[in-house]
């Protein structure tokens, strides 16, 4: 799919403004005017194609394009008037007049603008034509007056109408004469054969066709290369009248030769050369696909910098083509710049997000970990007895039922076990030498009836029992615990006497004066 769609009016406009045209083809011009209203965006495309021909370097082509422009303004209605009164058209008109085009082209364009300003002066939508004329007059450009323009336009229109009428009359007369000749030939042949032979010897002439010719009008003759044509009238230097097996009609004299001995091969070679030339011209006229080419832009800038502004010579065709291509690159360059800007914005947003993520990462790395606070709330579990700490075991002997109170059954002796030092002693407020004692419940002294006390005086207190069982290593309670231990005697007297368990008690240090400590409740 091409990047740019072809202008639907370009081919017809080029045909109507061909530099080889001798007169204006009004049938084609009116056909173009009719297509403007029926084609989508027709007014803009048609005006663009016309202005392209107005800027042609051949003045004859530019004058024909201005004639076509005037016909479109007069016949296409308001849609074409709005395009003529647009800013783009005003800019192109300024460029044509200020670039010092051919004087006849400039004068005709100025005359058309004055005529349009007079025609559109009552409609405020078309005031740009008058404003453009006024601005250019202030810049020193001269325009013809409205009165002289009206008179010259009327005279020109009248002359053109008369000329068209004369051409139509001549064409009708030629057609009638041809019909009369066709009707008279059979009668002449039947009535007077000698006169016919004399006429044929005098008028008829045979020629050979060099190229193919396809009839466009009804009164033209179609023939192929190499065919023999009988010439009936050669009074006109350009168009002859002749006949062949297809009929009779007019044909161009340059397409035939009077030399019947010309080899067909030579004509074929000439025809192939002509076809090659036509193909090359078509290829040149076909627009190349436009894309962003930095080389062409640099080349155009280099040519522009090398040109002398004071040089009166017109610009080369190569420069004009490069300028046209560079102008067509404009929208594509704008789209490319928009895409680059959009990608730059996306990358900028991504960069901001990456920086925010890095900042958050650094913040989290520099913060203190939460698990250190959590570990302080949960102390370590009890450890085994530290190595090197002596542990003494006090055996407890079970005694008979003489030491039981009334109604209390004997409890079997439990298995002996050892308790290590209390690991939580360091977190309390008691002195270090009292940790192991306060960590365990002290067995209250056994109080029995008087009979038991008499029979067994050695078991009055738990301390006396422990001293008798331990032998030399007697246990002496600390001073700060005596008051606490005595508070349990009243409650323990009603309980049955249980078998004692060996308790690990550290060796008490030498007696030292100690400060008073107060026990705090455990957490």
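Positions of Cβ are set from backbone N, Cα and C atoms, glycine also.
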Where Swiss-Prot places region 'Interaction with HGS' among the ranges 299-333, 334-368, 369-403: 334-368
Segment assigned the feature motif 'PxVxL motif' in Swiss-Prot (from 26-39, 40-53, 54-67, 68-81): 54-67
Residue numbers, six or more beyond the limits of the region 'Interaction with HGS' (334-368), whose CB comes under 8 Å of its CB atoms: 292
